[in-house]
Amino acid sequence: MTGRAKTGLIILDGAGLAAPARGNVVDRACMPVLFDLFDRYGMVPLRASGDAVGLFDGQAGNSEVGHLTLGMGRTVVSSLVAIDRAYRSGTWKKSAVWQTLRDETAQNGRFHILGLVSDAGVHGHWRTIVQGAELAGRSGFSTVVVHPVLDGVDAMRGSGPALLDTLRQALAARVPAARIGVVIGRAWFADRTGNRALARHLVDALLSADALPRFDRRQLEEFCRDKSERDFPAHRADADTRLTPGEAVLVTSHRADRAVQTVEALAARCRPATLTSISEQVPAARVFFPTRSLSGGLAQALQARGIALTRIAENCKFPHVTYFFNGFRQSLGERQISIPDTPGGPETCPRMRVDETVDACRRVMTSSRETGFVVNIPNLDQVGHSGDVGLCRLAAEAVDHALSQIVAQARETGWTLAVTADHGNAERLLDDQGRGFGSHTANPVPFTIVTADGSRADWALGDGGLDNVAPTMAALLGVDPAGICDAPALICRQRSLA
Ligand SMILES: O=C(O)[C@@H](CO)OP(=O)(O)O
Ligand SMILES: [Mn+2]
């Protein structure tokens, strides 16, 4: 490879590729700067879903596996797939954690499961709840109480009542003794803005379930007519299902970033168990599948050569460019710039904190000490979850303008930029019936390289998936990718860099 170019990796979160349509804001009209870059420098679509990122075949991508694959330069089996395999092979059943939970549980105590009833598998899956309930029954708990958390973000908005039916039917068939306890929207379960009162409210609801209003499926359906089930307040389904502090409770999130507050609020009142490592407040003896830091990958290989990639993201995507990108390591010693969340949430301000993000990129590119950076621009995904085309248009325009500012700075200070995304979202904001669709997609994502001097690229870009981005970054930074990743770089017929 040729000499080292200072290089930034720009991850346009949720920017998938799809044919022009009313519900697609990742298009030339909303994002002329991005599409001009594609015209000038070439663009290849990258696989970013299903088995290309370690998920089930055909499963829509998400930011955890997207950033993990981008950073590691290889496909890593996702936690959800690993848990499903462990259930099928019997290793989950054999886990010593069951015995720990039995020993810790008060006599005649019950087993509770709190988890997202989703069919998207981004943070949780209804199947995992059923599997956990079945194994709890088999490991000697005579009563299992399931507390379903309604999704409406990753799962199609409004699908909550039908997903609850699916859960009930599967439990009736496989765990007849299971009961349904508190039904509540994910707004209280999955906050990651630091509003701990939400999780405390959820835990209070579990501990005092008998005092909650009765759950009524028709009322939930009614609620979903004009709101997302994400915001459905706590109700109690079956009688006598409240959690008492001496009882076992398993939280069935497989991803670390959104369940932390809930797990920690539970840990303050009882002894929760988790599937993966979510909080240090849960000892290893109560974690079924402890998360192991991965070796290798782009950042670690660069670190060994004295190169660090500065990370920049708004708080909502900060674990993505650090913990996930680094293969489940909070830090590899790099500089990390975290930008506070937008007050009021992305839907009240589709620009989010993009100006601060651009400023951070500028500071990096004007510093003589910096060699590379990774930035996440979250708007297309975070606003994309609303399924609101008008709002997403504003988000797309803000992202496109930010891109023009970052490219201008890169040109001025001689930086090369690789631009891609982690998964699709904003390219499909309406479903086939024209209803708002706020979920991730299985579509490919774009990849392009913007040269430092603005000259047309004298290489071609090959086909690939997100795993090919790390070796490409290595090549741009002047490091032989062969020793870093199995996947090849996307640059073909390279003659010179920058
Ligand atoms: O916001 C999140 O946590 C998920 C959606 O639930 O999105 P992403 O995978 O893009 O972070
Ligand atoms: Mn998302």
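Residue numbering: from 1, along the chain as shown.
Using N, Cα and C of the backbone, Cβ positions are placed for all residues, glycine too.
TrEMBL labels come from automatic prediction, so no person has curated them.
Less than 8 angstroms from the CB of SER63 (active site, phosphoserine intermediate) sit ASP13, LYS317, HIS320, PHE324, ASP381, ASP422, HIS423, each of them six or more residues away in the same chain. The active site, phosphoserine intermediate annotation in TrEMBL covers SER63.
Annotation source TrEMBL lists Mn(2+) 2 binding site at ASP13, SER63, ASP422, HIS423. DSSP gives ASP13 (Mn(2+) 2 binding site) a coil state; it is part of no helix or strand.
Under the DSSP three-state reduction, HIS385 (Mn(2+) 1 binding site) is assigned to helix. A sphere of 10 angstroms centred on the C-beta of HIS385 (Mn(2+) 1 binding site) encloses 24 other C-beta atoms. According to TrEMBL, the feature Mn(2+) 1 binding site maps to ASP381, HIS385, HIS440.
Summarising the annotation, TrEMBL assigns domain 'Metalloenzyme' to 6-480.
Here TrEMBL flags 83-268 as domain 'BPG-independent PGAM N-terminal'. On the 0 to 100 pLDDT scale, the domain 'BPG-independent PGAM N-terminal' (83-268) averages 97 in this prediction.
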### Task
Tell me the Cβ contacts of HIS440 (Mn(2+) 1 binding site) under 8 Å, same chain only and six or more apart in sequence, or just say none.
GLY14, ALA60, GLY61, ASN62, ALA120, VAL122, ASP154, ASP381, HIS423, GLY424, ASN425
### Task
Would you mind sorting out which binding-site residues among ASP13, ASP381, ASP422, HIS423 put a C-beta under 6 angstroms from ligand 2?
ASP381
### Query
Since the record lists ASP13, ASP381, ASP422 as binding-site residues, which of them has the fewest other Cβ atoms within 10 Å of its Cβ?
ASP13
### Message
Neighbour count, 10 Å Cβ-Cβ cut-off, for HIS423 (Mn(2+) 2 binding site): what number do you get?
### Response
30
## Note on the structure
Taking the centre of the Cβ atoms of ASP13, SER63, ASP422, HIS423 as the Mn(2+) 2 site, the remaining residues of that chain with Cβ inside 8 Å are ILE11, GLY14, ALA48, GLY61, ASN62, GLY66, HIS67, HIS320, ASN376, ASP381, ALA421, ASN425, HIS440
